[in-house]
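Per TrEMBL, these features apply:
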TRANSMEM  12-33  transmembrane segment
TRANSMEM  53-73  transmembrane segment
TRANSMEM  85-105  transmembrane segment
TRANSMEM  125-147  transmembrane segment
TRANSMEM  168-191  transmembrane segment
TRANSMEM  211-231  transmembrane segment
TRANSMEM  243-265  transmembrane segment
TRANSMEM  277-298  transmembrane segment
TRANSMEM  310-331  transmembrane segment
TRANSMEM  343-366  transmembrane segment
TRANSMEM  378-400  transmembrane segment
TRANSMEM  420-445  transmembrane segment
Amino acid sequence: MITEGNRGLVKGWLILGIACLLFAGVLAGLLVVSRTPYVQNVIPWLDFFHTALVVHVDLSVLIWFVAFAGVLWSMYGSGAMVAPGFAALGISGVGALVIAASPFLGAKNPLMNNYVPVLDDRIFLIGLGIFFIGFVLLVVCNVTTLLRSVITLPLTSTVPTADAGTRFGLGSAAVVAAVAIVCFILSISSIPVGTTGLTYYELAFWAGGHILQFMHSMLMIVVWFLLAGAIMPGFKVDRRVSIGVFGVILIVAVLSPFIFMMYGTDSTAHRDTFTELMEYGVGPSVVVSTVLVAVAIARKEKKTPRTNHLLAALVTSIALFAAGGIIGFLIDGVNVIIPAHYHGVIVGVTLAYMGFTYYLLPQLGYGKPSYRLAQLQAYIYGSGQLLHIIGLALAGTYGVQRKVAGAAQGLDSFKKILSMGLMGIGGVVAVIGGIMFLVVAISAIRGKK
């Protein structure tokens, strides 16, 4: 819900997210080239690959997703929290700028730990610390204003307002974000003395990183429901369904800090428990939400050209998230099936946010996006990413390892070359789709309503 009071704050978070995607997209093109057979041999990419990959992941996943959380929470938060919200936005923006600039300021020593890869360098870590402070302030602002929705909806016996389920989902996601922050703090404070380098950051971000995925999944579901409502005005989610879908994830996430009482942070049991928590805590809610939206789309009779771009984003979001989830069951060992899995899931969230960006732009006072280009963009980006993850998944079955580039990939058979070639082609198509999103969004931002 956009009001005069929150419009500027929503705009700010959206611009931050788009700016991060713009810079991450430049890096993405170089990353795809660095892993494509034959092309990879033209330039010695290896040193650049890992540094660029760290910054690309942090901008296109961590900061883009948090920025969009800021968009959604600001839309439904309290007007009293607008000033603190701008403070959170400003701090987060400074942190993001330092992270993006760090490689050009001499930051190096890339470490490919999970969830929040880092450059083990003071400049980068200062930027990450600043961004974390902004994230904490964002969460504090919105937990305090949206918590009431989490408490009252399950207890009320009256008919809830139309956006009650949305508020419940957003409030639950804010609580889960707070739990993630607690997990980050518990992890860092319990890492064995003397632990350094890759192991340190792997332990620091493992637990909290998993819980952040709970938050991202909840916000994606909220956006699915909002897009479905925009496409099909009669679409509504029963309050009991909202409580079930978001409540299950919320309960599982809130219980997660107790794992620290059961197992040491550096233990295999600790690691495996958080992995299983995410597998079984999020999956059922996503499946239920997918079925609800898919059935509504299947029953949709009247075609409305002005919402076809939203429908394209919604359908491709569901398809990519589902593909990523299915590929996750194929994981066996440390190979590129793992990035195929999380690329699918991440792109599913990103496509939902892209579609909602198109929906928001006119409401924020910007021009309307080109409906045809926006629709085409969703299909191009989605199909490219689908080819990309299929190529990675196939390569993983042939033993291609993750987080390597160039000759280190060991592309010594036709099957490996073919599958990674498919990955490269899909990646290039996806980059084109990503550029199209930026062109459509920025063109609308520069236009007038």
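If you go along the chain as it appears here, the first residue is 1 and each next one adds 1.
Yeah, the Cβs are placed from backbone N, Cα and C, and that goes for glycine too.
No curator has checked TrEMBL annotations; they are predicted automatically.
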Ask   = For the transmembrane segment (168-191) and the transmembrane segment (53-73), does the number of C-beta pairs under 8 Å, pairs 6 or more apart in sequence, reach 3 or more?
value = yes
Task = Mind pulling out the one from 277-298, 378-400, 420-445 with the most Cβ pairs under 8 angstroms to the transmembrane segment (310-331)?
result = 378-400
Ask   = For the transmembrane segment (343-366) against the transmembrane segment (378-400), do we get 3 or more Cβ-Cβ pairs below 8 Å once near-sequence pairs (under 6 apart) are dropped?
value = yes
